[in-house]
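Q: My structure is below; once you've seen it, I'll send some questions.
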Number of protein chains: 2
Amino acid sequence: MADINSKFDIGVTTGPIRGSRKVHIGAKSGSGIQVAMREIDLEGGEPSVRVYDTSGPYTDANATIDIRAGLEQKRREWILARGDVEEYDAREVKPEDNGQLGPDRSGGVPAFPNVHKRVLRAKPGANVSQMHYARQGIITPEMEYVAERENLGREYIRREIEGNSWGAEIPEYVTPEFVRDELARGRAIIPNNINHPESEPMAIGRNFLVKINANIGNSAVASDVAAEVDKMVWSIRWGADTVMDLSTGRNIHDTREWIIRNSPVPIGTVPIYQALEKVGGVAEDLTWEIFRDTLIEQAEQGVDYFTIHAGVRLPYVPMAAKRVTGIVSRGGSIMAKWCLAHHKESFLYEHFDDITEIMKAYDIAYSLGDGLRPGSIADANDEAQFAELYTLGELTHRAWKSDVQVMIEGPGHVPMHKIKENMTKQLEVCGEAPFYTLGPLVTDIAPGYDHITSGIGAAQIGWYGTAMLCYVTPKEHLGLPDRDDVKVGVVTYKLAAHAADLAKGHPAAQVRDDALSKARFEFRWRDQFNLSLDPDTAEEFHDQTLPAEGAKTAHFCSMCGPKFCSMKISQEVRDFASKQNQSADGFLESEKWGADTAEASRKAAEQGMREMSELYKAKGDKLYLPEEETE
Amino acid sequence: MADINSKFDIGVTTGPIRGSRKVHIGAKSGSGIQVAMREIDLEGGEPSVRVYDTSGPYTDANATIDIRAGLEQKRREWILARGDVEEYDAREVKPEDNGQLGPDRSGGVPAFPNVHKRVLRAKPGANVSQMHYARQGIITPEMEYVAERENLGREYIRREIEGNSWGAEIPEYVTPEFVRDELARGRAIIPNNINHPESEPMAIGRNFLVKINANIGNSAVASDVAAEVDKMVWSIRWGADTVMDLSTGRNIHDTREWIIRNSPVPIGTVPIYQALEKVGGVAEDLTWEIFRDTLIEQAEQGVDYFTIHAGVRLPYVPMAAKRVTGIVSRGGSIMAKWCLAHHKESFLYEHFDDITEIMKAYDIAYSLGDGLRPGSIADANDEAQFAELYTLGELTHRAWKSDVQVMIEGPGHVPMHKIKENMTKQLEVCGEAPFYTLGPLVTDIAPGYDHITSGIGAAQIGWYGTAMLCYVTPKEHLGLPDRDDVKVGVVTYKLAAHAADLAKGHPAAQVRDDALSKARFEFRWRDQFNLSLDPDTAEEFHDQTLPAEGAKTAHFCSMCGPKFCSMKISQEVRDFASKQNQSADGFLESEKWGADTAEASRKAAEQGMREMSELYKAKGDKLYLPEEETE
């Protein structure tokens with residue numbers, strides 16, 4: 001065990017992101033709630049830029065990190081203050097929870113040293129979901145936190161919002177009441193299990209900033225606990241808003257405990273994976289009882305949302321038989337196999353209301369799984385996919401009857417012209433519940449680059465209204481991602497989500513683009529790096545050709561060199577033009593002159609088109625010489 | 001000199017792309033024209049897949065490559081056969097053409113050993129542009145070549161074309177006549193200078209496959225001739241349809257000669273760069289005469305298209321003064337500086353018709369430069385940008401009066417909701433001349449990842465109708481790209497262009513996605529790699545966790561392992577389902593059962609929404625408890 005323990009001395013990355021400073025902003029209500037964000041200080045007298053921050057205490061220079069102790073349980077007092085929970089003894093961890101680990105735990109990993117022996121659940125008859133509180137008209141501390149966080153702690157400033165949000169209702173300023181209303185409608189969720197008091201509340205919804213998820217987790221073939229905890233910390237450093245632990249190998253229970261106790265972001269899982277491990281990988285041996293026990297086990301640990309593939313129904317399975325890539329969802333394929341083998345309707349569908357009772361006792365959100373999502377361009381938007389979506393719509397409304405939070409998972413592989421239909425149908429059928437897609441990938445032909453093929457689709461569907469984008473790494477389709485892949489996936493999805501915020505006209509989004517571009521134009525290289533999503537890489541790339549410290553204030557880089565740098569010449573032009581404006585030379589000031597010239601050009605272009613058109617008619621429609629005329 | 005010469009023994013990459021075989025397909029007309037493509041052979045009895053190929057003889061196992069000799073001049077006989085050109089002595093290369101190189105050429109590079117001392121131009125009064133031939137009703141060998149190439153040599157097959165091309169007119173099958181008609185209308189161009197007979201003809205136009213361009217070229221600060229020739233060969237290996245040599249350092253003339261003589265793809269330049277070098281980098285010292293001489297110099301070498309920033313007009317320059325990032329185009333900033341310093345209209349604009357006379361004598365296409373493109377999200381779609389576009393429209397029609405080929409350059413940095421407007425305006429004002437954009441980048445905040453921020457915009461604007469996408473590498477804004485950056489940029493843009501073809505409903509596009517996905521589903525790993533845009537990287541990523549040869553036929557990878565591979569389980573499901581279908585168990589065959597179930601779900605979802613809505617009304621619109629009601 002000594003060896004295994006010492007592994008844990010290696011590498012969760014701590015320390016501030018280069019150029020950033022952690023800040024805690026008090027909620028405007030004066031309640032004392034402190035919301036974590038970070039600020040980037042700039043040179044040249046420029047105001048600091050505050051940005052949304054998912055990295056938790058790991059990037060706080062003032063925090064002490066001890067992954068054996070876990071994070072501070074900041075939400076515990078809020079949860080207890082509501083007076084609707086009871087404490088009880090957690091379920092015993094069984095060998096099968098960790099892949100048949102014997103009592104000597106050989107081949108296993110150290111259990112988390114500070115497991116909560118006593119856990120929380122709703123008092124009998126109570127409902128502890130944020131949606132339930134919202135519908136009672138209660139504004140919780142979690143809602144306050146979210147409001148402040150989404151505003152980046154800024155004051156209300158009237159700002160002309162430009163963009164096209166396709167009918168979303170993004171407010172100029174987020175109030176706790178707005179958060180409450182969105183939760184009550186089901187249009188947003190705050191995923192936070194009462195047994196995960198370490199989490200910093202966040203919202204997933206179309207009218208908030210677009211969020212991203214990073215997937216981690218081992219497989220039977222690769223990776224270990226230390227690497228997975230490190231990946232979680234690494235992924236949130238770069239911007240992951242939630243993390244899913246998709247482990248399918250050994251030590252699933254212990255791995256998850258280490259992750260949740262140390263995670264400031266919501267953690268999602270797919271409970272059917274662990275259930276399958278418990279029956280030795282034989283899908284046909286799954287039962288509702290084993291599944292239910294797994295739900296309780298994970299609920300007590302503090303999982304914030306469960307992917308439940310209750311839409312993979314027996315009648316739908318044959319629809320997938322004619323596909324090019326069948327069923328690409330692990331959970332979906334497992335349930336399909338079970339349904340066919342037993343010739344019965346999915347037990348997840350049949351027991352849905354029982355699952356809902358568990359969700360509401362711990363405030364776990366549904367992530368209604370897209371088990372029949374298309375895994376190839378050929379299968380996009382097919383019958384199987386939308387059949388499942390309709391069932392997810394039905395289940396959304398069933399869950400909402402119990403005030404349980406719901407989000408809907410989505411595709412997949414979808415060519416660009418078919419993306420919009422997905423958003424439209426989902427909004428219609430699922431009552432505007434938040435949409436949470438995997439990409440989508442807009443072509444199949446680039447394994448090795450699927451963070452990009454999917455980033456293209458993700459940016460678009462995020463713009464159309466998708467609330468959270470599940471990342472894809474360069475290793476997709478090829479193998480388990482390592483920490484470098486995790487970072488590339490996260491940054492790709494952050495930029496896609498931000499591009500969607502910009503296009504939707506989110507009032508807070510463009511501040512960062514403007515600050516970075518201004519820094520770029522003024523050759524404040526360090527500021528440009530520090531404002532970027534990945535300051536380390538930006539600086540590294542710059543320094544590959546110009547490493548000297550003096551280059552950080554040079555008015556050029558190696559792309560063009562000093563004579564050809566357009567930004568440098570631009571500055572000279574601007575200085576020159578403003579000197580000219582001070583002279584008697586009135587016309588250079590004249591915006592009208594420029595506008596008139598442009599108008600004259602436009603008319604000349606139209607004239608050119610008219611002349612072409614007349615020439616065409618004059619030649620008896622023969623200017624372009626139809627086929628019969630050619631030699 | 002010996003050292004410099006020996007550098008040229010290093011690294012142009014030759015040899016077939018892994019898994020591909022060069023083929024030459026005879027044009028259907030029976031004219032004897034052979035069109036280069038490549039085929040990917042598959043396992044398991046699957047038909048070979050033929051793909052468009054830009055890599056030239058470098059990937060032909062049967063070709064002998066000698067970069068000192070240059071490529072075969074395959075087009076020469078076609079050009080001479082038209083009987084409208086004359087041969088003459090090329091202009092003498094002057095020291096200033098290579099950055100003030102002395103007669104001993106010290107500090108320079110070896111001149112290309114097989115320079116054409118005698119070059120071609122149109123006979124007096126003749127016009128050798130492909131547009132001119134097209135308007136005469138002539139189908140040239142170049143047009144035939146293009147038609148066969150765009151069809152990938154396939155037969156006519158009636159196929160249901162699905163997609164949304166936003167009003168483009170993509171044919172099911174490309175005939176030489178169709179190519180002629182598109183050229184005559186100006187809707188497409190075939191850029192090929194009569195002095196670049198080594199080129200394999202290609203078309204740029206909305207109704208053809210979306211093309212991509214790779215930028216290479218040294219700067220005063222970085223790179224050298226050997227590296228640039230290598231980059232050209234490397235970029236076309238991975239799919240660049242044209243290459244621009246944007247060199248701004250020394251040895252511009254010699255560098256370009258080595259590149260053109262060895263390039264099977266069209267080469268573009270920005271002549272103002274070399275003109276600026278000739279006047280020692282002092283923009284104010286530029287003159288029309290020096291520029292004109294540079295045009296002739298480059299025309300004789302065989303440059304296929306020139307970027308001409310004739311839209312940066314004096315009245316527009318002050319418009320750029322209020323921008324966040326001013327003028328980001330090198331050429332645009334140079335011309336702006338000249339205009340202001342001289343207080344005169346741009347000499348490019350004033351002498352446009354003189355430039356046109358040169359273009360038509362060599363068949364060089366205009367790439368009308370977007371000198372005032374936006375270099376930041378804040379500047380997108382502003383007055384300066386569209387003022388220039390209107391002038392480019394005016395100039396398009398002027399050039400067309402002389403039957404000279406034209407394409408229009410475009411932005412830049414544009415948030416997603418503003419992209420469509422660019423396409424719409426350009427189509428309107430420029431008479432559907434091909435659009436050639438740089439991205440656009442959809443956010444500024446990710447230097448280091450700008451191949452991705454721009455790939456997102458490029459895929460969208462390619463879908464909307466842009467004919468060619470100019471790549472961006474990870475080094476954008478930070479430094480000169482190296483060969484690894486070139487490859488990443490090319491593959492990113494290839495996947496974006498292909499995604500656009502798919503979305504437009506191009507009849508030939510989806511074949512590759514389907515073949516790759518089928519290979520993926522059937523665990524033909526080698527086929528999956530070979531069909532991908534970058535087989536080397538795909539295999540390398542897979543082998544990072546599963547290098548053993550046996551893994552290439554394994555029914556899993558390290559992402560999920562054998563128990564959890566959804567594709568493996570999917571296969572089992574499919575086999576099981578088809579066995580069941582053979583039994584008396586009729587209902588599993590019933591598609592109606594699945595469809596009925598889905599319909600029932602959809603109705604249940606609608607019912608759920610109605611109930612929610614009635615509950616809302618029943619509570620007097622208070623279900624979501626408007627602000628006044630909250631505690």
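Cβ coordinates are placed from backbone N, Cα and C, and glycine is handled just like the others.
TrEMBL lists A:17-86 with the feature domain 'ThiC-associated'. The region 'Disordered' annotation in TrEMBL covers A:91-112. Residues annotated as substrate binding site in TrEMBL: A:N215, A:M244, A:Y273, A:H309, A:S329, A:R330, A:G331, A:D370, A:G371, A:L372, A:R373, A:E409, A:Y436. Residues annotated as Zn(2+) binding site in TrEMBL: A:H413, A:H477. The feature [4Fe-4S] cluster binding site is assigned by TrEMBL to A:C557, A:C560, A:C565.
Can you walk me through where each of these features ends up in the structure?
A: With a cut-off of 8 Å between Cβ atoms, the residues of this chain six or more beyond the region 'Disordered' (A:91-112) that come close are 1, 4-5, 8, 68, 70, 224-225, 249-255, 257-258, 261, 274, 277-278, 293, 296-297, 300.
The Cβ of A:Y436 (substrate binding site) lies under 8 Å from the Cβ of A:I204, A:N213, A:S367, A:M407, A:I408, A:E409, A:G410, A:T466, A:A467, A:M468, A:L469, A:C470, each of which sits 6+ residues away along the same chain.
Listed in sequence order, A:P447, A:D450 are the same-chain residues at least 6 apart in sequence whose CB falls under 8 Å from the CB of A:H477 (Zn(2+) binding site). Secondary structure at A:H477 (Zn(2+) binding site), taken from DSSP and collapsed to helix, strand or coil, is coil.
Around A:C557 ([4Fe-4S] cluster binding site), the same-chain residues at least 6 positions away in sequence with a Cβ under 8 Å from its Cβ are A:H542, A:T545, A:L546, A:A551, A:C565.
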Q: For chain B, give the subset of the binding-site residues A:N215, A:S329, A:G371, A:R373, A:Y436, A:C557 whose C-beta is less than 8 angstroms from one of that chain's C-beta atoms, in sequence order, otherwise 'none'.
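A: Going by the Cβ criterion (under 8 Å to chain B), the qualifying binding-site residues are A:S329, A:C557.
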Q: Please report how many Å separate the Cα atom of A:H413 (Zn(2+) binding site) from that of A:R373 (substrate binding site), as a whole number.
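A: Just about 8 Å between their Cα atoms.
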Q: Restricting to the record's substrate-binding residues (A:N215, A:M244, A:Y273, A:H309, A:S329, A:R330, A:G331, A:D370, A:G371, A:L372, A:R373, A:E409, A:Y436), give me the longest CA-CA distance in Å as a whole number.
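A: So the maximum pairwise Cα distance among the substrate binders is 20 Å.
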Q: C-alpha of A:G331 (substrate binding site) to C-alpha of A:C560 ([4Fe-4S] cluster binding site): distance in Å?
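A: Rounded to the nearest whole number, the Cα-Cα distance is 52 Å.
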Q: Please report the Cα separation of A:Y273 (substrate binding site) and A:C560 ([4Fe-4S] cluster binding site) in Å, rounded to an integer.
A: 53
Q: Cα distance, A:C560 ([4Fe-4S] cluster binding site) to A:S329 (substrate binding site), nearest Å?
A: 47
Q: Around the C-beta of A:R373 (substrate binding site), how many further C-beta atoms are within 10 angstroms, looking at every protein chain?
A: 27
Q: Any idea what the Cα distance is from A:C560 ([4Fe-4S] cluster binding site) over to A:N215 (substrate binding site), rounded to a whole Å?
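A: For A:C560 ([4Fe-4S] cluster binding site) versus A:N215 (substrate binding site), the Cα atoms are 40 Å apart.
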Q: Under a three-state reading of DSSP, tell me whether A:C565 ([4Fe-4S] cluster binding site) is helix, strand or coil.
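A: DSSP call for A:C565 ([4Fe-4S] cluster binding site): coil, neither helix nor strand.
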Q: Please work out the mean pLDDT for the residues of the domain 'ThiC-associated' (A:17-86).
A: 94
Q: Under a three-state reduction of DSSP output, how is A:Y273 (substrate binding site) classified: helix, strand, or coil?
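A: Where A:Y273 (substrate binding site) sits, the three-state DSSP reduction gives helix.
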